[in-house]
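Annotated in Swiss-Prot:
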| type | residues | note |
| --- | --- | --- |
| ACT_SITE | HIS37 | active site, proton donor |
| BINDING | 30-37, 149-152, ILE178, 186-189 | ATP binding site |
| BINDING | GLN61, GLN155 | (R)-pantoate binding site |
| BINDING | GLN61 | beta-alanine binding site |
Amino acid sequence: MNIIKNINLLEKKIKELKKKNKIIGLVPTMGNLHDGHIKLILLAKKNVDIVIVSIFINPMQFEDLLDLKKYPKTFEQDCCILKQEKVEILFCPDVNEMYPLGLKNHTYIDVPKLSKIIEGKVRPGHFIGVTTIVCKLFNLIQPNFSFFGEKDYQQLLIIKKLVKELNYPIKIISLPIIRLKNGLAFSSRNKHLSDLAQQKASYLYQAIKQTCNFIKNNNGKNIKKNIHTSRKYLIKKGFYIDIFNAYDSKTLDPISKDSKNIIIIASVWLGKIRLIDNKKIILRD
């Protein structure tokens with residue numbers, strides 16, 4: 001595996017690959033790799049000639065410096081996983097390489113509306129950090145494909161919008177959420193959960209599933225009442241809720257009577273650990 005930390009070396013490598021007409025796939029990560037990342041890499045391998053994984057803990061997308069400091073750093077372990085999966089290139093720059101003028105002086109990318117609602121309200125500035133680093137990676141790596149998980153569903157829609165409106169010649173491929181046996185979605189933050197907390201965390205997906213089943217069985221009626229019941233259930237189980245609501249899965253607008261494509265999006269806290277999850281439903285006409 002070719003480990004590249006320097007932008008100039010990366011650009012040289014990309015020029016070589018482009019000359020050979022190689023199809024490039026990018027899997028952007030912040031490290032602390034788990035089964036969800038591995039599934040993305042395997043999906044990439046089916047679609048491209050060269051898989052490039054980036055590892056960069058992006059300070060611009062953290063509104064809480066303590067959260068940034070606590071984010072798990074497992075570089076050696078990550079390298080072993082990537083070598084095992086036969087990834088061709090790892091791009092792992094440091095902060096100075098990506099933001100040489102510092103965060104405050106750096107140009108940023110802001111996707112209007114979509115980045116200001118739901119998670120964007122709870123974490124102002126977060127999506128600006130995400131879209132800025134994704135644009136930088138797209139510009140540097142020039143992938144034909146880029147691969148993202150559906151757990152960060154709002155992020156996925158924002159990136160798709162960015163690609164379309166900035167005319168990037170990149171196809172975004174998404175992977176459904178990978179879960180533990182108890183239903184908990186794979187996340188780098190799960191390592192902070194004790195065994196008992198991991199069991200407790202599974203109540204989140206249970207609540208989401210129950211809500212989806214209710215909406216399907218009632219063909220979209222009394223959704224607000226059911227959302228309220230699910231919120232109460234989670235609070236009773238010890239969760240603090242930032243977000244637990246139903247949205248149009250194509251636009252993330254609030255649902256209306258005519259909504260057929262619905263997604264339940266949840267962002268909750270279990271102690272000091274933040275968990276996010278979602279599930280889509282399609283209602284019949």
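Glycine too: its Cβ is placed from the backbone N, Cα and C atoms.
All features noted in Swiss-Prot, drawn onto the structure.
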| residue | record | CB count, 10 Å |
| --- | --- | --- |
| MET30 | ATP binding site | 18 |
| LEU33 | ATP binding site | 23 |
| GLY36 | ATP binding site | 20 |
| HIS37 | active site, proton donor | 26 |
| GLN61 | (R)-pantoate binding site | 20 |
| GLU150 | ATP binding site | 18 |
| GLN155 | (R)-pantoate binding site | 22 |
| ILE178 | ATP binding site | 18 |
| SER188 | ATP binding site | 18 |
Would you mind reading off the Cα separation of ILE178 (ATP binding site) from GLN155 ((R)-pantoate binding site), to the nearest angstrom? 17
To the nearest whole angstrom, state the Cα distance for the pair MET30 (ATP binding site) and the residue listed as 'active site, proton donor'. 10
Alpha-carbon distance [GLN61 ((R)-pantoate binding site); SER188 (ATP binding site)] in Å: 15
Please report the distance from the Cα of GLY36 (ATP binding site) to the Cα of GLN61 ((R)-pantoate binding site), rounded to the nearest angstrom. 21
GLN61 ((R)-pantoate binding site) sits from LEU33 (ATP binding site) (Cα to Cα, rounded, in Å) at a distance of 18
Between GLU150 (ATP binding site) and HIS37 (active site, proton donor), what is the CA-CA distance rounded to a whole number of Å? 12
